[in-house]
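Notes follow once the structure below has been shown.
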Amino acid sequence: MLSLLLPEIITASLGVLVILLAVILPGKGEKTVQTLTVAGLVAVLFLAVKIGVDKEVLFNGIYIIDAYAGFFKILFLTGAILVILSSANYVKNFSGRISEFYGFMLFAVLGMMIMAGAGDLLTLYIALELMTISFYILVAYVLNRETSKEAGLKYLILGALSSGILLFGISLVYALTGTTVLSEIGSRLTLEPALISAVILILAGFGFKIALIPFHMWTPDIYEGAPINVTAFLAVASKAAGLAAMVRVFISSFQLGFFDWQLILALLAALTMIIGNLVALVQSNIKRLLAYSSIAQAGYLAVGLVAANEYGLKGILFYSMVYVFANLGAFAVAVQVENDTGSNEIKDFGELGKRSPFLAAVMTVCLLSLAGIPPLAGFVGKFYLFSGAVEAGYVWLAFIGLLMSMISVYYYLNVVKVMYIGKSPKETFPAIEPSARLALWICLLLTVFLGIYPYPLTLWTGNAVKLFLG
Amino acid sequence: MLTDYATIGLFFLLAISFPLAALGLAALVRPRSYFNREKMMPYECGVDTKGKTWVRFKVNYFLYALVFLAFEVETIFLFPWAVKFNCLGLFAFIEMIIFLIILLVGLLYAWKEGALEWY
């Protein structure tokens, strides 16, 4: 039993060890801590890949280890490794507290991993809080920058509010069914008006976490204010974690014949795709652009949960994984540009195609993948999501998704245009550190590879969602 | 099923009507009141406040409260464990030691960051 929990145990001990190192070597040994964190996360990643159990339920159902949880654990670990690698130079902005930064990253990853495996609403809530509290600190990490502090405080207040809403929903479910174990809730549901409000409250709570419109208000400000590597991690991993938990809760517990939460979610998804993409059109800051684009992406992902069939659920997993590489690739380039110019405006990308052809190429491929242009990986993901919606009878939703994807091409290509046609006062670009180069190559190659040959990932995601399809 | 909710609805209406009735009746019956200095004071008992109430509190109080909270929670966990220590055995002992180590690292960190110093 303990051997199955080894990824979580190692991540937790690594986090404690890193904090301890921060106490023993204050302001020193950052390189050691960084290497240790990356090495540890890679080891945990291998371990998570190796644990290939079908389904193992631990501690009377409060923790589940299955292919679905395994998939998301690998996703979070990959995301964390890529973020740490791509921002090895950027962390110098965190004057004096670099070691702790890695500690909080590890705790956030631990929270996400437990979220993916939670089989009980309270375990889920504790894991969610572990992740979000780590993020409150990470968002406010550049203490000498006003925007970062402001973003941290905003995130704290709104995060606490959304957790409260989620918890209220959970308490109602517990009051009506007498259990918080997900697998038992399903069989104890009865026709109750209060249950409908419970489901809506839980939907709203998760909506905050994955930034569905109208619960998205926090996203742009916090994404803009946070240090850029934290923004990258927040946009990719915390969203995937929220979605992972949301899918498990809604598919395995709330199969209600009398209340159609799919329709509510479909409306939210449609609104999210429309508003997210339209507002992204007018952004001039790359972090804000990627923030609104990530809101829109949450809309696409929610389409899969609305469909709730094989294609839809497979699409969620496929698209989340693809989104990790595409979005982190785009952010990794933005980190390099911020290292160079100290700003995040899109016009700073001017002439990047000449100054650093490699960075411009990675950015172009990643953005096109986010837009869903074949043969890149984003296209395959969107294909699954929208086919799922059509199969489930939500043709209008798939239509909105396709239309909005087309609109999104404009703002993604706008950045590409600035990179290749725009002007810049500078002639050269500083050298990229080797670790960031590695992360950029991984993002670039996987985005292209999974688009051309999606079969391995399709097989894997199909295997992971099998347990939801009975 | 829905009739169960009628009770809640009735209770809700009652809860609203009670204060409304009490305040409304008082408004009808009471003599016309005039605002004076005595009436506008926040409390009509105790001693008068000296100086402004908008003062800054030291952030140290907050840090102390945070550290205190961690150890308060620790005590809550330790107490039932200590009472049932004999029947829980070695596994629970090791578990508690791990828990304490994690808390101890937190304390060390708070110490290093100067949360225990008063300045």
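Cβ atoms here come from the backbone N, Cα and C positions, even for glycine.
Residues annotated as domain 'NADH:quinone oxidoreductase/Mrp antiporter transmembrane' in TrEMBL: A:118-408.
If you look up TrEMBL, you'll see A:6-25 (among others) marked as transmembrane segment. Taking Cβ pairs closer than 8 Å, the transmembrane segment (A:6-25) reaches residues 32-33, 36-37, 40-41, 43-44, 47-48, 51, 73, 97, 99-100, 102-103, 106-107, 109-110, 113-114 in its own chain, all 6 or more past its ends.
Annotation source TrEMBL lists transmembrane segment at A:32-53 (among others).
Within its own chain, the transmembrane segment (A:65-89) has Cβ neighbours under 8 Å at 4-5, 7, 34, 37-38, 41-42, 44-45, 48-49, 51-58, 102, 105-106, 108-109, 112-113, 116-117, 228-229, 232-233, 236-237, 240-241, 244, 248, 317, 320-321, 324-325, 328, 331-332, 335, 339, 433, 435-436, 438-440, 442-443, 460-461, 463-468, counting only residues six or more beyond its boundaries. The feature transmembrane segment is assigned by TrEMBL to A:65-89 (among others).
Cβ atoms under 8 Å from those of the transmembrane segment (A:101-118) belong to residues 7-8, 11-12, 14-15, 18-19, 22, 33-34, 37, 40-41, 62-66, 68-69, 72-73, 76-77, 80, 83-84, 91, 94, 124, 126-132, 134-135, 137-138, 141, 182, 233, 237-238, 240-242, 244-245, 248 of the same chain, restricted to positions at least 6 beyond its ends. The transmembrane segment annotation in TrEMBL covers A:101-118 (among others).
According to TrEMBL, the transmembrane segment annotation covers A:124-143 (among others).
Under the heading transmembrane segment, TrEMBL lists A:195-218 (among others). Same-chain neighbours of the transmembrane segment (A:195-218): 128, 132, 154-155, 158-159, 161-163, 165-170, 172-173, 176, 189, 238-239, 241-243, 245-246, 249-250, 254, 256, 259, 261, 264-265, 268-269, 271-272, 275-276, 294-295, 298-299, 301-302, counting only residues six or more beyond its ends whose CB sits under 8 Å from a CB of the stretch.
Feature annotation from TrEMBL assigns transmembrane segment to A:230-251 (among others).
Summarising the annotation, TrEMBL assigns transmembrane segment to A:263-282 (among others).
Among the features that TrEMBL reports, transmembrane segment is placed at A:315-337 (among others). Under 8 Å from some Cβ of the transmembrane segment (A:315-337) lie the Cβ atoms of residues 68, 71-72, 75, 78-79, 82-83, 86-87, 90, 228-229, 231-232, 235-237, 240, 243-244, 247, 286-287, 290, 294, 297, 300-301, 303-305, 307, 344, 348-349, 352, 356, 359, 362-363, 365-367, 369-370, 376-378, 380-388, 429, 432, 436, 439-440, 442-444, 446-447, 450, 454, 457-458, 461, 464-465, all in the same chain and six or more residues away from its ends.
The transmembrane segment annotation in TrEMBL covers A:358-381 (among others).
The transmembrane segment feature in TrEMBL is assigned to A:393-413 (among others). Distant neighbours of the transmembrane segment (A:393-413): 266, 269-270, 273-274, 276-278, 280-281, 283, 289, 293, 296, 299-300, 303, 306-307, 367-368, 370-373, 382, 385-387; these residues of the same chain sit at least 6 beyond its ends, with a Cβ under 8 Å from one of its Cβ atoms.
TrEMBL lists A:434-453 (among others) with the feature transmembrane segment.
Remote same-chain residues near the transmembrane segment (A:124-143) are listed as 93-94, 97, 101, 104-105, 107-108, 110-115, 118, 149, 151-153, 155-156, 159, 163, 166-167, 170, 209, 222, 225-227, 230, 233-234, 238, 241-242, 245, 249 (criterion: CB distance under 8 Å, separation of at least six residues from the stretch ends). Within the chain, the transmembrane segment (A:230-251) has long-range Cβ neighbours (under 8 A, six or more residues past its boundaries) at 68-69, 72, 75-76, 79-80, 83, 86-87, 105, 108-109, 111-112, 115-116, 118, 121, 124, 127-128, 131-132, 135, 138-139, 141, 182, 202-203, 206, 209-211, 222-224, 261, 287, 290-291, 294, 297-298, 301, 305, 308, 313, 316, 320, 323-324, 327-328, 331-332, 335, 468.
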